[in-house]
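Q: Got a structure for you, written out below as structure tokens; questions coming shortly.
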Amino acid sequence: MREIACHGEDGLDQIGAIGAALPAYVLLPTLLLSAALLTALLARVRSVSASFACFAIWTRCALSALHDFTFSASPIGMSYTALGSVMISIIGLFVLRWRRLSDIVLLPFYPLIACYLISGIHSAQVGPMNVALSKFLYLIVLALAIKDALDDIGPERLFRLLLWAFALPLLLQILSIALGVVKAGEADGSVSYIGGFHHEAAFSVVLASAVLCICMMQRVGTIAKIALIFYGLAAIILANYRTAMIAILPLVGVVLVTEVTRRFVPRQRGIVLGVMGLALGAALLAGGYMESERFADLGTVAQEGTGIIKRPEMISDDDRRILSGRGAIWSNYIYGWYDAKPLNKLIGFGPDAWTKVFPLYAHNTVVSFLYELGLTGVAALLFLWGWMLGLALLVRGGPRLQLVAGHFSFFVLNMATMPMWMIEGMIFYGILCGYTVYWFMRSRRGAGQAPAPGFHTTAVGWDRHPA
């Protein structure tokens, strides 16, 4: 099946039909024009880390748009998309500044890496283990590059630059609408406009990353910022991936509230919050009514709670229709782990071991880690998430609330899909972690204290950032 062959690099095997790519006569000129504009823009940027971050994001989007070719196997066996991701990570290692192994960004990854090594070697799943570790290398490199770039040119300029990289998928989506290039969505007849990408999950997470950048911009006008946020939300809705729609709401909600209320004097903010709460509630009710069939499952899940998890032999056809079958999928994985030997419960069955047992990926990062890496893997994953969330909570004199909301949105995203299983999800989390560490370190130095201008060592030489 083509789904299996082309999604192997990110693990998204058998996630459903693959979207059609845009026609070559439209796609190739668009990519060339976008590359030329981004190159011209980055030529004026005096930060190699910022240029690398934009290059890494743009390249990933371009490779995904060219999936008819890039998802095929290269002469060395890896897909061209996987090869591109590895090459980007290697380039990043030469761009990054030297760090101690005890760097605050690196520390939370060590337990996770150890779990992959132990489980992968024990289960003889060395190949899948290397693929998984390469994705986490991409995450680490991008997070460190974002942190370095923020030190170089500051948040406002960096996020504006990143939006130029994200302009490519947004433009491709517009072209897909104009040309009528759609991907069939769920069984209800809905369609997804995903710019010729392979699947709405990856495309929606890319759009969520763009919204994240917009939300973290602090020195843009309120009206302009709100307009950009709503444009990003509209793009996610057109991509038609329910999980991303729901997951981005905590971040967007917090940012909208803070942006609007700061325009009022303190004694008026309570009234404004009340009005916004009513408006938001009305909007959610209206949206739920218009999309009642697609979101009705949420009420069922809220009512049944953990009751949707049951032994596979007890799962009915009605159960398989809830949340596009996620409850049934989670049940298979959880009871597959529960019935395992004690050692497998502890270290799991190995990276990508699910492909030998189940037809579908887990649709939940925690459930997937439980089956593949066992209890130790889940503990390591939660340690990583908790570490970064803890740094966000410790921020003083900065966008702490927005950072915490961003981490919560990422957590929600992981509950019904697997962003840490795809490079697009690593882009979202890499930006978020890099920005979190930047503000944590800045708050430790003292609120408002900018990094000192001058030269900083990199892996290949020197990089000067302006005062």
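Cβ from N, Cα, C; glycine included.
Curation plays no part in TrEMBL annotations; they are all automatic predictions.
Copying in the features that TrEMBL gives for the protein in this structure:
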TRANSMEM  20-41  transmembrane segment
TRANSMEM  78-96  transmembrane segment
TRANSMEM  103-121  transmembrane segment
TRANSMEM  127-146  transmembrane segment
TRANSMEM  158-181  transmembrane segment
TRANSMEM  193-215  transmembrane segment
TRANSMEM  222-239  transmembrane segment
DOMAIN    228-381  domain 'O-antigen ligase-related'
TRANSMEM  271-290  transmembrane segment
TRANSMEM  369-394  transmembrane segment
TRANSMEM  426-441  transmembrane segment
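Are these features on the surface or tucked inside, and what are their neighbours?
A: Long-range contacts of the transmembrane segment (20-41) within the same chain, counting only residues at least 6 positions beyond its ends with a Cβ under 8 Å from a Cβ of the stretch, are 54-55, 58, 62, 65-68, 161, 164-165, 167-168, 171-172, 175-176, 179, 181, 183, 195-196.
Through the fold, the transmembrane segment (103-121) approaches residues 128-130, 132-133, 136, 140, 143-144, 147, 347-351, 372-374, 376-377, 379-381, 383-384, 387-388, 391, 433-434, 437, 440-441 of its own chain, all at least 6 residues removed from its boundaries and within a Cβ separation under 8 Å.
Away from its own ends, the transmembrane segment (158-181) comes close to residues 19-20, 22-23, 26-27, 30-31, 34, 37-38, 41-42, 45, 50, 53-55, 57-58, 61-62, 65, 146, 149-150, 193-197, 203, 206-207, 209-210, 213-214, 216-217, 235, 238-239, 431 of its chain (Cβ-Cβ under 8 Å, at least six residues beyond either end).
Below 8 angstroms of C-beta separation, residues 6-7, 10, 12, 15-16, 18-22, 27, 57, 61, 64-65, 67, 71, 159, 162-163, 166, 169-173, 175-177, 181-183, 185, 225, 228-229, 232-233, 235-236, 238-241, 243-245, 247-248, 251-252, 255, 402, 406, 409, 413, 417, 419, 422, 424-425, 427-428, 431-432 of the same chain, each at least six residues beyond the ends of the transmembrane segment (193-215), sit close to that stretch.
If you look at the transmembrane segment (222-239), the same-chain residues 6 or more away from its ends with a CB under 8 A from one of its CBs are 170, 173, 177, 192-194, 200, 203-204, 207-208, 210-211, 214-215, 245, 248, 252, 255-256, 259-260, 262-263.
Outside the transmembrane segment (426-441) by six or more residues, the chain places 56-57, 60, 104-105, 135-136, 138-139, 141-147, 149-151, 155, 162, 205-206, 208-209, 212-213, 216, 388, 391-392, 394-395, 398-400, 403, 406-407, 410, 413, 419-420 with a CB less than 8 A from a CB of the stretch.
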Q: Which whole number is the mean pLDDT over the domain 'O-antigen ligase-related' (228-381)?
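A: Across the domain 'O-antigen ligase-related' (228-381), the average pLDDT comes out at 82.
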Q: Who are the long-range neighbours of the transmembrane segment (127-146) in its own chain, taking Cβ under 8 Å and residues 6 or more past its ends?
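A: For the transmembrane segment (127-146), the list is 9-11, 49, 52-53, 56, 82, 85-86, 88-89, 92-93, 95-96, 99, 103, 105-106, 109, 112-113, 116-117, 119-121, 158, 350-353, 420-423, 426-427, 429-431, 433-435, 437-438.
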